[in-house]
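S.K.: Before I ask anything, here is the structure I am working with.
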């Protein structure tokens with residue numbers, strides 16, 4: 001019998017064992033303080049009455065006291081070896097299910113992935129939150145680690161990924177059962193094949209994106225740290241500290257220790273190409289008939305593509321810079337026909353004819369270009385005239401001749417019932433469109449030497465401008 005819940009194969013006998021474990025765990029009698037402390041030390045500090053020493057040693061050692069001292073030292077408590085109130089209080093704080101001390105025979109030292117490009121898949125979703133919120137939270141959690149390393153992550157919607165993400169109750173097939181609300185919140189496995197690298201979250205918790213309940217983003221960043229090879233830290237400022245505490249996700253930053261530890265495994269991020277070398281624009285800079293092939297934001301800048309080069313500038317700045325496409329991205333061809341950015345992911349997509357390229361943090365991704373037909377276009381489409389990403393709707397609009405297509409970024413699928421006529425659904429806009437820019441909740445639709453400022457909320461054109469107005473011409 002195949003098992004799709006976890007990587008690998010499980011038998012009926014194994015499933016029955018899982019059920020038995022879950023019933024046993026749920027039906028266990030409440031523990032007193034001493035029993036709870038022994039359970040805690042057994043689970044997180046490798047304590048066990050039947051532990052066989054790896055080396056010859058005295059048989060009258062007090063292993064329980066030694067493990068209590070080890071736990072107290074880890075959390076910065078006075079290492080008395082006594083089960084006092086401060087020690088018990090720490091033990092009762094909700095925490096990660098990964099041990100603080102790894103047994104020498106159980107975990108390879110400095111486990112890491114031996115590749116830069118990793119895949120992940122959210123196997124199922126918690127009912128506590130909207131599906132799109134869960135997708136966004138994990139995308140941001142992975143970005144926390146990709147921002148400080150050369151690692152890159154890609155989401156899969158089917159098949160087995162390097163990192164499988166699962167929400168589950170109680171016993172769920174890995175002999176590391178969840179204990180209900182509070183207690184252990186989640187656990188993850190160090191890098192490797194099979195279940196290694198996976199992250200599991202206790203569905204008994206109330207997962208949220210705020211300070212109420214348990215904040216999914218904070219726990220996800222922590223567990224993905226394990227999935228990438230990090231162990232627990234005894235630094236309370238580290239996201240890899242074992243116990244849970246709320247931090248504001250909008251201002252969250254990795255500690256210096258976290259950055260140093262993850263970079264000791266994977267190195268620093270690949271330095272993006274420099275865009276700080278301005279040069280004088282050509283004489284056609286403010287030509288009255290100047291048009292653009294593609295226009296998009298790239299971070300805080302705006303890129304204006306034309307033939308083999310592009311202008312770039314900061315909105316509001318008098319300076320305008322120009323450089324050749326090949327000087328920044330030697331693998332990208334000239335004559336880009338459409339472009340859009342997903343700023344939250346630091347991703348730039350470039351289109352020419354039947355192919356498209358992905359630029360991640362200004363670095364071209366391998367295994368590109370890809371076919372535009374993989375996005376869901378029909379065979380009749382031979383090129384994309386213009387494209388724009390609307391962050392409020394999380395949709396990409398592709399303009400092709402008299403029609404437009406709409407692509408769902410979260411689902412990574414073309415929306416059904418498309419294409420539709422541009423003139424019908426964008427009143428005041430007539431084909432053909434050269435480029436589209438999203439800026440301050442408006443679309444700027446470039447057609448030859450002019451651009452139309454379009455309000456997508458009220459579906460109307462609000463201004464007509466020269467295409468070169470961005471340059472102060």
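Using the three backbone atoms N, Cα and C, a Cβ is placed for every residue, glycine included.
Feature table excerpt (Swiss-Prot):
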type	residues	note
ACT_SITE	223	active site
BINDING	96, 222, 226, 232	Zn(2+) 2 binding site
CARBOHYD	32	N-linked glycosylation site
CARBOHYD	85	N-linked glycosylation site
CARBOHYD	321	N-linked glycosylation site
SIGNAL	1-28	signal peptide
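Can you tell me where each of these features sits in this structure?
M.R.: According to its DSSP assignment, residue 223 (active site) is helical.
Just so you know, the Cβ of residue 222 (Zn(2+) 2 binding site) picks up 26 other Cβ atoms within 10 Å once every protein chain is counted.
Other C-beta atoms found within 10 angstroms of the C-beta of residue 32 (N-linked glycosylation site) number 8, with every protein chain shown included. DSSP classifies residue 32 (N-linked glycosylation site) as coil under the three-state reduction.
Annotation note: residue 85 (N-linked glycosylation site) sits in a helical segment as assigned by DSSP. For residue 85 (N-linked glycosylation site), the count of additional Cβ atoms within 10 Å of its Cβ stands at 8 [all protein chains shown].
Taken residue by residue with DSSP, residue 321 (N-linked glycosylation site) is part of a strand.
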S.K.: Given the recorded Zn(2+) 2 site (96, 222, 226, 232), which additional residues of the same chain have their Cβ within 8 Å of the Cβ centre, ordered by sequence?
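M.R.: After dropping the recorded site residues, what remains is 98, 187, 188, 223, 225, 230, 231, 240, 242.
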S.K.: Go through 96, 223, 232, 321, our recorded positions, and report the one whose Cβ sees the most other Cβ atoms within 10 Å.
M.R.: 223
S.K.: Can you grab the distance from residue 223 (active site) over to residue 96 (Zn(2+) 2 binding site)? Cα atoms, rounded to a whole Å.
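M.R.: Checking the Cα atoms of residue 223 (active site) and residue 96 (Zn(2+) 2 binding site) gives a distance of 8 Å.
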S.K.: Please state whether DSSP places residue 96 (Zn(2+) 2 binding site) in a helix, a strand or coil.
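M.R.: Its secondary structure by DSSP: strand.
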S.K.: So of all those glycosylation sites, 32, 85, 321, which one's Cα sits nearest to residue 232 (Zn(2+) 2 binding site)?
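M.R.: The smallest Cα gap between residue 232 (Zn(2+) 2 binding site) and any of the glycosylation sites is with 85.
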S.K.: Measure from the CA atom of residue 226 (Zn(2+) 2 binding site) to the CA atom of residue 85 (N-linked glycosylation site) and give the result in Å, rounded to a whole number.
M.R.: 30
